[in-house]
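TrEMBL has this to say about the protein:
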- A:16-55: DNA-binding region (DNA_BIND)
- A:79-180: domain 'CoA-binding' (DOMAIN)
- A:90, A:91, A:92, A:93, A:94, A:95: NAD(+) binding site (BINDING)
């Protein structure tokens, strides 16, 4: 069930299904057909059926999916049926706004430590966390069971931040900086770069212009 | 050349190639083999050759790719060989940190207008922009040639923000809020949700635990 071979694109779609299902459940929807779910998620129904079949959810013929059960199944599959403990390194604008972000627990995450090498920031308290020196990361995270490190440093400090996380035995990294980072094979890295999404837009805008697309509303 | 049929995953990889190539060029690298570029980008060489062939870049046999030319070709392909004008709506923590972000021009974007419906924020100046009331968006963006709207509102205000952008004839939207938004077919929407990347990590962590993965470094 927890196969490593579920394609990455499926995982991303599961995250979208989860988001839409939670919104629907909040509106009181208890049962949904794959067609209605597909419309709400903007994918085609056969895609949803295929994705959900990966982890054994087939729905009930002629009825659809039970929304609360489906939410639970997807959470188990994504690993967000529990709370993951997170450390953040790099307390600039982005780091601060993430530390203050209230949406983590609802989605299965808790930021339990914050680091920055700037002596003016060390000791500062943000959202209940005291900013610590990354040189003291290893000793400080030992008892915190941290499994994910978030890098929000400037580009030229990202590799050093990654080294601190690796030395502290934190097994996975979410990198918001623009730098590509190098880590041992056993450490998982994900890159967050919203410019990739901007490029997807400009690519389409470009293609539209090229084909004489009229962007006026109709 | 600017076909609409280049797969989305290719566009995202092009963005990574661009980032790596610009870093290499900054270090003085003028020519690179597809093998070396593949290693730096962490994809396989045949993938790179296939991706670059989409827009007619084949490199020179026995030599490789000329880095500055390849950078220019990818920029033209992604549409970032020019500056795209952007409006931002929702001046909270995230909105503020984006408005103050200095990396936009280098990557082909300029934020030229900021909106928020909070009367306490309207009139405030952030990074040289005066925050405006979104009710006045249509009249205000008319002469600004804005092609991309960025939504950084809370979830429950995202649809209203999208409506303002659509009414102002802004043809594409980057949505940072957790809400799914509904827009006419001619408007392109991209969702930025870093939780998808966190889920990709927890999915792998889950799978690793399941298989008795030892996370200690070696």
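Along the chain as shown, residues are numbered 1 onward.
Even glycines carry a Cβ here, placed using N, Cα and C.
Among the binding-site residues A:90, A:91, A:93, A:94, A:95, the ones with a Cβ under 8 Å from a Cβ of chain B are A:93, A:94.
DSSP gives residue A:92 (NAD(+) binding site) a coil state; it is part of no helix or strand. Within the model, the DNA-binding region (A:16-55) shows a mean pLDDT value of 88, rounded to a whole number.
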